[in-house]
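Marked as ATP binding site by Swiss-Prot on the basis of sequence analysis: 141, 142, 143, 144, 145, 146, 147, 148. Marked as coiled coil by Swiss-Prot on the basis of sequence analysis: 424-510, 648-670, 710-780, 808-828. Feature annotation from Swiss-Prot assigns compositional bias 'Polar residues' to 1-11, 1017-1038, 1057-1082. According to Swiss-Prot, the compositional bias 'Basic and acidic residues' annotation covers 1007-1016. Positions annotated as domain 'Kinesin motor' by Swiss-Prot: 52-410. The annotation region 'Disordered' is assigned in Swiss-Prot to 1-34, 1007-1111.
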């Protein structure tokens, strides 16, 4: 493979020195194109679509210091192909709050080696550079996280140095050495002519230094301002910069580039800190530029070759550090401050680009100026963010990840560099050599002096400023000449005006007499106006008194209706309370009666048992006495014969009788105990049944009470709504009164202003006023009639709908109350029936009868004979006891039924009263609705008297001035301004009465706010009269006050008021919502900016009648 280098073929100087010092643009991040030549037509650098900056993150393992400090790991990656990195804050919070995940293009963990990072990040940019793109790769991160290791690494060379294919690098070689090796491998495979040049810049303490220059730091030529490296804007390309004073060295192999890289790296500023033993104290930019010669495919046998230029910038940024942690002092602290300042500026640039800010602070640091095109420019950019996994560096790690995340959103627009032909390149080089020779010759012959670019720019700007000043001086001289000419012309004009002024003074003096006559006529008109105003005020007060009376009557009726509703509700509440108290009393009486009956039965039972015991004991004692007597007699008779035999028999008989008595006594006691226990159990069951029934009754009563309370609350809410409506109506009327007062004040101001302007525009008004009056009156009244009908129809519909809804709600409440009453009565009837059946059946099923039957059977078995059974007192007492129990059961049953009947009758009476009350409430609501509807229908056309007559007659008086044919300007002297003479000083005019608010004017604004939203859609939009060219209303005066702030006020005549026809007025004034709306429409008819369209008629007879009166 034959390959050659362009500098070797062009000049022998390139082969001998291998370097050349020129002024150029070293990279696309430093400038967008090195040369200022016009490109050929073969490739104009078409731009590709926008692409985001690629962001990679590399996390190293813990170093020796972090292991010794026992700092935990807070960074976790997802393997060598992962794209997420997880930062945990190490606190004992919840899992979700203690960890945060970041996403990037790829994340390299501690297991990733240098080759993996190079293949994923920089290898593709070599091909992009060979295709003519400008590319940038820079490392960003905290100090000591491996930026220099990633970019440079180990630069030692292994293998055959002379062979490109057999050149090997160590495993710790960084991106820059690997780029150089792979670049020459790619170039050797192209079989094309090429050249490669490199540059190596260092930014230390905001000063640029060329690391490839032969001078040392202690060389005085380095500090010479003439030889310092400077940054300039590229005039040929607005988005790039140029670096002057930097060397570019052509290389023929990767070995030469690696040697230059090693020499420059040795000159770089490094220092030992607590964070890193070899901390880089400066930013470096290593630039590789390739020029590839290609043949144009469009040329047919002409053999025109073009040079394709590509650049790759490899940036190694200095690490940000905390001064307290790094232990930097004095000079090192100053270095750290400048490093952090430049990195902070870089972060601000990234934030501004992400936020799409109008201002990007590139010029605040030289670092951002160097990287201007790489951030948001026309290059393909890659950022490698290096971080530490230790917890002690967690804040710096989080800051680096945040910056990298924001930088991922920056968009660049990559663009292919323009291809240059060989001829143009040679021409540029020849021109550059000639320019340098001339500069060298001039400096040797001392025909010129060496100046810096800043001084040259200042000289050029001063020369431009001098030229501008000379032009200004010339323009000022021309203006002075014109001013002199204008001054002479103005003197002539002033002389003419003075003569005219004298003539006008004479004319004005002649017209003073006419003005005095005119003033007397104005006073007469004013007197008539005063009289009319007094009449208007009297009629207004009278109408307002009537309206106030009507309003008071309506309010009283509403109060009476509300009081009646409250009374009915209170009576209903009282009846319910009485019903509840009676029910509780009945229940208490039933329980007391039952307990009393049980006690009486128990006492009777005890007395009968005692009587039975007494009878049995007496019988037994009598029998014993008889037996004793018989035995004694027998003993006396047979004592002598058989004393011992009878004594034994007697003892046996005595013992047998005694045992019989004991058994009998025990049986009686057991029977009595069983009877008592059965009676107690039956009584307990009866009491439990009674309590359950009473509880169910209480539940029903409580449900009824809750239903009635809900009804009462609903009625209270309706009453409150009515009260709130009344309050709102009063508030609206107050607002309308305020608006009317403002209108009056505006009218007064308007009258005063028209009087002051009266002498200026009276003649113009008189000429046009008489011709337009009739047409304007007709138009206004036709339009007001149509609008009035439309709004009245809408308001009628609204009120009718609202009243119908109220009536429907009232009917629903009545239905619910009646249904509740019927359900309550049915429940009580079923409950009473159940109670009757339960009580009677349970009283009849008492076990006392069974016990008594058992006792009677045992007695009958013991006695044996029928006679003894019939004469036995125990059986008779048992039968009597059974009869008493049956009679008591019947009496209690009758009492309970009577109580149930009474309760049912009371419930029926209460339900009837509730029905009556609900019917009364419904009637009251119906009457209220009918009253409102009828009152609205009757008084819908009622209109209160206003100031229309006064204004119309006042305008008619103004028309009479035209008949006089006098000019009012004759009454004034030209020596004084006109505004000092416009208002006549007459005490009569100042004594005009104030147009105060009428009393209770709120009724005119009642329905305004309510119907605004409903009627806004139905209104028609009328064009403004002032836009008519044939009808210049803006010249009219006086102006009619209009309560519409966003439209110009047309100057119209006020038509005659309908109050002139007093016989047509109704004696009752409007007081409902409809009349309030009518008053609003009436005001609109008087004060409006909307003309009336001709041809529109209404069916309302009252409006037609009023229209006829006005016409």
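Cβ atoms here come from the backbone N, Cα and C positions, even for glycine.
The structure displayed is predicted, hence computed values, not measured ones.
In the structure shown, across all protein chains, 145 is the one of the binding-site residues 145, 148 with the greatest number of other Cβ atoms within 10 Å.
The Cβ of residue 141 (ATP binding site) has 30 other Cβ atoms within 10 Å, all protein chains considered. Compared over the binding-site residues 144, 146, the count of CB atoms lying within 10 A of a residue's CB peaks at 144. In the three-state DSSP assignment, the secondary structure recorded for residue 143 (ATP binding site) is coil.
Just so you know, the Cβ of residue 143 (ATP binding site) picks up 24 other Cβ atoms within 10 Å once every protein chain is counted.
For the coiled coil (424-510), the model gives a mean pLDDT of 82.
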